[in-house]
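See below for the structure under consideration.
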């Protein structure tokens, strides 16, 4: 399948909605928890069992992004979005069958395995194309798409809940909800498949005069052999771990912090706090990532990691004395968490060029998978130990915050160690010359 | 001899397509944000 090349006059502002249609859909993964209680009561599952489809989905996201990235670069964004559409929607359809037949393994396989492949391929599908269309503002372009992944859960969470309320929480109601999800997402993602184009060489294409690969280009296989790749891997892993540290236990954390004060936080207010964190996460993705186009990638990560550590220190020292301070610091940390995700593709483009930036991004996402395990593990394990030791309130989290500050400092140092890639890793000059040719050869 | 630019056909107006595409993704996102704001206000009223 050859990548779809933009005809003359094609607007680059058609590419972000194409990317958003995919990311807003696959972002549904973070709203899986809506299905957990009805599945548990309808199929007699434990909490751990009902989390399996989501967990397998996230594992498959990391694996398919890491191993499928090169295929995405070779076949282009339309192929990748088609694969994402087919896998993600089929995952729901298989889950619908599984729920109707009360065969839970089919839901795990459908949503987790098949749908998870759709998550991974869909996540990286527009990255390379957006960067090529917006060489002047790569941070903003990828920020829009990756903001969509955060936005997907905001849409799916109330939508799925309303659907389950209408259809009922028994196995046939869940099956119908899965079926409607699968069909709706297929239609919604189709816009991305139909609209996405790689920039052509036509002079009338609106947007950058010649969005060809410029500067040093590094292949995905070569990139993983550079210290820069692993420095960024540590940067992303530490930044995500620090964000998950708050996100994972946000509701109990704010309740515990102010339990012994004159203004305790109710369960409803804690849910509002979690929602506000989601907003900060989303705003950070587009806001900070766009800012990185102005102040540079290295500087923005200095802010994420350095100011992030400072925010954690403020919460640890004064968080239980002032609710506004606690909320403000948590919001800033979550905005940095989102910003870290959204800025990394542009950072990769700066270091390795646009040649295989999607594939390199896919491989770097293994840092996300690692952080997804590390962050909750640290916070939960320490909170449990502190509780066993008879502590309560804010002191349950003190040690976790110290560890988070340490991790952010490690990330800060890794960011400082990032230098331009040594020329021995660059693609040889004759091949670089070929990239000045129309873009289809670049993506081939 | 005509210049290459005079030979190329005029590019079609894609403003409607751009508006449609952004509406397609904007409407569900606005719904999600509305629900989010509704829930987030519980922090101050709950």
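Note: Cβ is positioned from N, Cα and C throughout, glycine not excepted.
If you look up TrEMBL, you'll see A:1-423 marked as domain 'Major facilitator superfamily (MFS) profile'.
Among the features that TrEMBL reports, transmembrane segment is placed at A:12-32 (among others). Same-chain residues lying 6 or more positions outside the transmembrane segment (A:12-32) and placing a CB less than 8 Å from one of its CB atoms are 51, 53-54, 57-58, 61, 77, 81, 84-85, 88, 111, 115, 118-119, 122-123, 125-126, 129-130, 133-134, 141, 144-153, 155-157, 160, 181, 185, 188-192, 194-197, 199, 205-208.
The transmembrane segment annotation in TrEMBL covers A:52-72 (among others). Residues 29, 32-33, 79-80, 91, 95, 107-108, 110-113, 115-117, 119-121, 123-125, 128, 220, 356, 358-363, 365-366, 368-369, 372 of the same chain sit 6 or more residues outside the transmembrane segment (A:52-72) yet have a Cβ under 8 Å from a Cβ within it.
For A:79-98 (among others), the entry in TrEMBL reads transmembrane segment.
Look at TrEMBL and you will find A:104-127 (among others) tagged as transmembrane segment. Within the chain carrying the transmembrane segment (A:104-127), a Cβ under 8 angstroms from the stretch's Cβ atoms is held by residues 15, 18-19, 22-23, 25-26, 29, 32, 39, 43, 45, 49, 52-66, 68-69, 72, 77, 80-81, 83-95, 97-98, 142, 145, 149, 178, 189, 192, 196, 345, 357-359, 361-362, 365, all 6 or more beyond its ends.
Beyond its flanks by at least six residues, the transmembrane segment (A:139-161) meets 15-16, 19-20, 22-31, 34-35, 123, 126-127, 130-131, 133, 177, 181, 278, 281-282, 285-293, 297, 300, 338, 341-343, 345-346 of its own chain at Cβ-Cβ distances under 8 Å. Look at TrEMBL and you will find A:139-161 (among others) tagged as transmembrane segment.
The transmembrane segment annotation in TrEMBL covers A:173-196 (among others).
Same-chain residues lying 6+ beyond the ends of the transmembrane segment (A:229-247) with a Cβ under 8 Å from its Cβ atoms: 223, 253, 277, 281, 301, 304-305, 308, 312, 330, 333-334, 336-338, 340-341, 344, 347-348, 351-352, 360, 363-364, 366-368, 370-372, 374-376, 378-379, 400-401, 404, 407-408, 410-411, 414-415, 417-418. Annotation source TrEMBL lists transmembrane segment at A:229-247 (among others).
Within its own chain, the transmembrane segment (A:267-288) has Cβ neighbours under 8 Å at 140, 143-144, 146-147, 150-151, 153-154, 243, 246-247, 250-252, 254-255, 300, 303-304, 327, 330-332, 334-339, 341-343, counting only residues six or more beyond its boundaries. Residues or ranges marked as transmembrane segment in TrEMBL: A:267-288 (among others).
Residues annotated as transmembrane segment in TrEMBL: A:300-319 (among others).
Taken from TrEMBL, the feature transmembrane segment covers A:325-348 (among others).
Only residues 6 or more beyond the boundaries of the transmembrane segment (A:360-382), in the same chain, are considered here, and those with a CB under 8 A from a CB of the stretch are 58-59, 61-62, 65-69, 72, 120, 123-124, 127-128, 218, 220, 223-224, 229, 232-234, 236-238, 240-245, 247-249, 341, 344-345, 348, 352, 397, 399-400, 403-404. Positions annotated as transmembrane segment by TrEMBL: A:360-382 (among others).
Per TrEMBL, the feature transmembrane segment maps to A:394-414 (among others).
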Query: Who are the long-range neighbours of the transmembrane segment (A:79-98) in its own chain, taking Cβ under 8 Å and residues 6 or more past its ends?
result: 1, 3, 18, 22, 25-26, 53, 57, 71-72, 104-119, 121-122, 124-126, 175-176, 178-179, 181-183, 185-186, 189-190, 192-193, 196
Message: If we skip the immediate neighbours and take only residues 6+ beyond the ends of the transmembrane segment (A:394-414), which ones have a Cβ under 8 Å from one of its Cβ atoms?
response: 231-232, 234-235, 237-239, 241-242, 245, 249, 253, 256-257, 301-302, 305-306, 308-309, 312-313, 315-316, 319-320, 378-379, 382-383, 386-387
- prompt: the domain 'Major facilitator superfamily (MFS) profile' (A:1-423): mean pLDDT?
  reply: 90
